[in-house]
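Okay, structure first, notes after.
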C-alpha cells in the first residue's frame, strides 16, 4: 500500500489528511508547530470544521493517520508527498511562495527513492516547474539521480463544508506530466473514481490556473450581486428576488448570488489579488478581476455608510454585532468583512459588544491587534444586545435566523437593526419596533 505524507497541517493539509486516511490510506501529516502536532495526536483539531473532529478521532483510533514534526522521516517513508503549506499575500498582492519553496528544498534534501510530489497549495502558474527545479538542484548537490514526478492537484473546499466537499467532490483536477503519476493519483482518489466523480487530466500549468480562475469567478459572482444592491434599494427592486430570477437560468445558477457585506476568508481576497498580479506580470489586463476586488472593498464601506446615514453621528454609539467570521460554520476571521466594517465604525467613535458561535478566540487576537474598542466579548446573541443602540447581523449563523426579537428589543437602549444578510422580513421587524435596514431591499 502506498504511504502518503502531507507537509502542512493547516486547513487544507488537515482536511486532506483526515479524508485520505478515511479512504483507507496510511497518512502522516507534518507540521513544524509542535503544539499543533501534540494536540492533533490527541484528537484535538486546531480549527473548527463540521465533521472534522469525528473523522480525526476515528482514523487516529484506527491508526491510519499520525502527526509529526519530523519532515525527514516523513519524506523518506512516503511514496506520495503532498505540499499543503500556506501561500500568504505579499504587499503587492502576489502569493508568497517562501513556504512552498522551503518544503521543496527539504524534499530534495531528504528523499531517498522515487517520489510523487503533489502541490495542494494555491500557487501561481509556473510554480510546479519551479518546485521541480529546486528538488532537482538539491538532488544534484547530493550527487543523486532519483526519479520523481510533479503533480498539481488543487483543492476546491468550502469552509464550513470541507469534509463533504472532499468526499463528494464536483471534480478532481490532476495536472501531471507522466501516465504513472496520473495512475497513482487516480489510485489515491479511487473512492471518488469508483463513484464516477469527474476527473480532469491536464498539464501542471492548467491545473494551477483552474484553481485561481475558479475562485476569481466565484468572487466575481458575489461582487456582481453586491454591486446591484444599491441600485435595487434606489429603484424598489428586491435583490433576493432578482438573484432568484437569475439563478433559475441554468447558464447562471443560484450559488454565490447571496447579497451581503462582501466576501472574505483565506481564498477569495488573496487569490483574486494574486491572479491580478500574475496578469500584470504578463502584461495582461484583467479588468474584470480588478473590478471584482474594487467592488468588494466598496461594499464593505457601503455597509458603514448605511449605518452612518441611519444613525447620524456615531461618536459614543454602542453597537452589538452578531457574527464575526467571514461566513457561517467556520471560525475563520481572515479577511472577514467584520474587520474592516468594525474598524471603520471604531474610527467614528463606536464601541461594540460582539458574539460569534465559533470565531471569538480568533476575533480577540485580531481586534486586540487593531485596537478596536470592544466593550465585551459576549456569551450569546442576547448578551451582545444589552444596552446597545443598534444591532448588526453580520454572519448568517443558523441560530441567528430564529432570534427572540422581543428579547433583543427589550435588551437594547436603541432600536436600529442592520441585517446585512437579509435574514428577516422588514414588515415583521418594523412591527417589532425596530428601525430596520437590510441590503438590496427597499
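Including glycine, each Cβ sits where the backbone N, Cα and C put it.
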According to TrEMBL, 31, 87, 122, 334 bind NAD(+), and the residue from 186, 270, 409, 410 that belongs to that same site is 270
According to TrEMBL, 211, 256, 257, 258, 259, 260, 264 bind substrate, and the residue from 298, 317, 327 that belongs to that same site is 327
Spatial hits near residue 211 (substrate binding site) (Cα distance within 10 Å) out of the binding-site residues 87, 122, 334 come to 122
Cβ atoms other than its own within 10 Å of the Cβ of residue 327 (substrate binding site), all chains, total 20
Smallest Cα-Cα separation from residue 334 (NAD(+) binding site) among the binding-site residues 257, 260, 264, 327 is shown by 264
Smallest Cα-Cα separation from residue 31 (NAD(+) binding site) among the recorded positions 258, 260, 264, 267 is shown by 267
